[in-house]
Structures are given as C-alpha cells and as structure tokens.
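According to TrEMBL, the domain '4Fe-4S Wbl-type' annotation covers 25-88. Marked as [4Fe-4S] cluster binding site by TrEMBL: Cys26, Cys56, Cys59, Cys65.
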Amino acid sequence: MSSTTLSTHLYAPRTDLWDWQLRATCRQVETDLFFPQEGETHHDRRGRERAAKRICRTCPVLAQCRTHALSVGEPFGIWGGTTEDPDG
C-alpha cells in the first residue's frame, strides 16, 4: 500500500492580473449600466452607453480595463470606455 503526501502549502493568489479592478470607478455604480439589457431600444442603449462612458473617462484604471477587454476579447459591455460595437 502506498501513501500519498498532500502538500499543505498554498501559493498566494495572482492578484497582479486583476487587482486593477479594485480601483475601478465602476465598482461604485450599478453594473447594469455597462451591459446591454434585454428589450432595450436603440435610443435607450445609446443613452446608457454614453452614461457608462462618462464614468469610464474619470476612471484611474481606464487603460488597464481597455487592455484587459481587448486581450481577452470581452464580448459584451462597456470596458475601458469602449463597446463591443466598433461604431459604438
């Protein structure tokens, strides 16, 4: 019979990959503002996106957010002041 030794050492989390999100201005705002809503009209969507982008413009991590969205291919929402729609 063999015994298995389990390691009790846990590595620290890699917060360097996402800790910028803790400083994001949008953390203080309802997340619905940044994502498309079911049944939303084109007019309502444009208004919601403008409001979200105003918040993004004041954000201290705007560049990190945009880089993240582009690198992982975020398919929905406002990230770094941009939308999934190139014309948005």
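Backbone N, Cα and C atoms are what each Cβ position is placed from, and that goes for glycine too.
Other than Cys26, Cys56, Cys59, Cys65, the residues of this chain whose Cβ falls within 8 Å of the Cβ centroid of the [4Fe-4S] cluster site are, in sequence order, Ala24, Thr25, Ile55, Val61, Leu62, Ile78, Trp79, Gly80, Gly81. Other C-beta atoms found within 10 angstroms of the C-beta of Cys56 ([4Fe-4S] cluster binding site) number 20, with every protein chain shown included.
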